[in-house]
Amino acid sequence: MALPFSGYAPKDQSATGLTHECGVFGAIGSTEWPNNNSEIAQIICIGLEALQHRGQESCGVVTSEGDNDFHIYKGMGLVKNVFNRDNIQKLKGSLGIGHTRYATSAASAPVNCQPFVVHSMHGALAMAHNGELVNSSSLRKMVLDRGVGLSTHSDSEIITQALCLIPPEGEVNGPDWPARIRHLMQLAPLSYSLVLMLKDRIYAVRDPYGNRPLCLGKILSPDSNQRDLQPEGWLVSSESCAFLTITRYVREVLPGEIIEMTRQGVRTVDIVARPADKRLAFCIFEYVYFARPNSVFEGQEVYTVRSHCGRQLAIEHPVEADIVGSVPESGNAAAFGYSKESKIPMGELLTKNTYVGRTFIQPTNRLRQLNVALKFSPISTNVRNKRIILIDDSIVRGNTIGPIIKLLRRTGAKEVHIRVASPPLKYPCYMGINIPTREELIANDLDSKSLADKVGADSLEYLSVEGLVKAVQRNIAKGVDNGHCTACLTGEYPGGIPEELDW
């Protein structure tokens, strides 16, 4: 469903941070690739595990042996818990796609697990979607008006049904899938990265604004070396971190690009332009928070950008201290950059218990602090009698940082200065990121000094919007056209707010 500009309440009120909608992955073998085993499915599952940070509620894989009898397995939970040797072995075929999901517009339920599969008069179609359609209500009405029934409230299902409709210019000699995809992209300019599978090919699609990430890779022989890079297949993924060992990153899918992947190779079949007066709008929070640090966007590694954010933060908000540390783990790179720029030594202040899952936050301060203490343990040697600079990647509701500061003070910290490696979040997102309502975002109620007083910090400062953009653009590869969505920071939405969009 389309999101109102005022935002929407997240399903899990215990969450204190941001949540991404999902990750997509696809793989196709070369001509010689056997289609009677499950190796492609295993590669997809490995890729989905590498994308697990993008969604932990459900996952699924669909494969094809070259006919319309797709093999499907989906379930609620983590990849390692949903898939096992027995169900993977049933996913035979030389091509397939996968998905890992965190719900935004539709509930967390088995019926909304992706990839979605629909059967049209021209055969089966499977689809995995990352993002959220800003005009899903009007698209839903269009599909329903044409007599198509829908089984879920997911905007992703609307995409599959819209693709089954004949494009306005008509078709000759069967379905023209690139034309159908282009028609969908003209109806819905953002926000999505799509992986679509037919019986013998995969289409990789990125919206014209480039809001959601998508990249290409190739499968190499396990015995290949630098002189032997002939691919044995091709991959598409939300992030390059999913290309491991025997796979190799090739490039990003361009904004508006439609790529066709077959057993013979890959080719660009079309590029759909965005409106002439609109800029590219790659989500800047992929750099700040969502992506894995070893992923590559716009020719640069995410870790390097986060380090630059820390350096810029030290320039904008210096403070005398004895040690710099981070709230693990996404603040680590920014803390490193802050330390390098400020010349203040970096050290580990908190360790994170990686075996603690999501906790059920109780409505008492005592239990909230116990939950924080369960997740984080202070390193007393680095904390006691020290003036501390603690780097966090972002502050959303402000529920977590206060208990962490109390934990550090009880361990003997003399001073605790909070530095946030991103600007204050003030506006909701309607493009696939679960950001709370404006009323829940702490930056709309308290400025940095008031927030410092509330959470018990000696000082608290954010990176500026200009500083973030500067850090992100510092090392973008030459010749790469770029532009970034900062809507959650500035309220300037790439296509206007939903009520202003004319569909």
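Here the Cβ of each residue, glycine as well, is placed from N, Cα and C on the backbone.
No curator has checked TrEMBL annotations; they are predicted automatically.
Here TrEMBL flags CYS22 as active site, nucleophile. Sequence annotations record features per position, and here TrEMBL assigns domain 'Glutamine amidotransferase type-2' to 22-264. Summarising the annotation, TrEMBL assigns [4Fe-4S] cluster binding site to CYS283, CYS429, CYS485, CYS488. TrEMBL lists SER330, ASP392, ASP393 with the feature Mg(2+) binding site.
A separation of roughly 20 Å, to the nearest angstrom, links the Cα atoms of ASP393 (Mg(2+) binding site) and the residue listed as 'active site, nucleophile'. Listed in sequence order, the residues of the same chain lying 6 or more apart from CYS283 ([4Fe-4S] cluster binding site) and placing their CB within less than 8 Å of its CB are ASN211, ARG212, PRO213, PHE290, MET431, ILE433, HIS484, CYS485. Mean pLDDT across the domain 'Glutamine amidotransferase type-2' (22-264) comes to 87 in this model. If you take the Cα of SER330 (Mg(2+) binding site) and the Cα of CYS22 (active site, nucleophile), they are about 18 angstrom apart, rounded to a whole number.
Of all Cβ atoms in the protein chains displayed, 22 besides its own lie within 10 Å of the Cβ of CYS429 ([4Fe-4S] cluster binding site). The most densely surrounded of the binding-site residues ASP392, ASP393, judged by C-beta neighbours within 10 angstroms, is ASP393. Taking CA atoms as the reference points, ASP392 (Mg(2+) binding site) and CYS429 ([4Fe-4S] cluster binding site) are 21 Å apart.
Reported as a whole number, the C-alpha separation between CYS22 (active site, nucleophile) and CYS429 ([4Fe-4S] cluster binding site) equals 15 Å.
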